[in-house]
């Protein structure tokens, strides 16, 4: 959960998000090095007198042609690696289907018989003490910890987007089309997200809450929910 006046990312709770945060820091260091070099050269040009040595400098032109290419390679290689990791879905332990509606989510656990429910935002007037306004829902998505989870995402009316920042997940929900993504939670906890697509007047009122629990607790929860 983000804190007030927080500048950085939320604490990563999945391997993909950890890689994304690491790549962000890597790109920032490259940008810092470039900005420092440009600032140094600008300062040097302003303080030094012009001379004829800057008129014919093939070596300098060669350097400022090759150096940007090397920088782009340093940024492209880890970026492509993360993209392939995000698209890789290999034998998930659980498949979850998320269907976006105006303005709530419907979840179906296709690996369990007759296990589906709607997830609505809890109104402020009914919000229990200590819970987050505009982020809490009446039915959370419960998943087992440290298990590969595949999420099949679609929409029943307009465009939506299923996004949970701390898990590094953001996938569009498109009517008539199935998109899929995957994640693995590395620790137990409650992770909050929201619809990240402008799907209507109340699009900011369809939050997403994912609760990560040990496998035994998940089995108990699914059994109780199936009976009810």
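Going from the start of the chain as shown, residues are counted 1 onward.
Each residue, glycine too, has its Cβ placed from N, Cα and C.
These numbers come from a predicted model, not from an experiment.
According to TrEMBL:
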type	residues	note
DOMAIN	1-90	domain 'Cytochrome oxidase subunit II transmembrane region profile'
DOMAIN	91-224	domain 'Cytochrome oxidase subunit II copper A binding'
TRANSMEM	27-47	transmembrane segment
TRANSMEM	62-84	transmembrane segment
Original post:
DSSP says what for the domain 'Cytochrome oxidase subunit II transmembrane region profile' (1-90): how many helix, strand, coil residues?
Top reply: 66 helix, 0 strand, 24 coil
Original post:
When the domain 'Cytochrome oxidase subunit II copper A binding' (91-224) is classified with DSSP, how many of its residues are helical, how many are strand and how many are coil?
Top reply: 19 helix, 61 strand, 54 coil
Original post:
Can you give the mean pLDDT for the domain 'Cytochrome oxidase subunit II copper A binding' (91-224), rounded to a whole number?
Top reply: 90
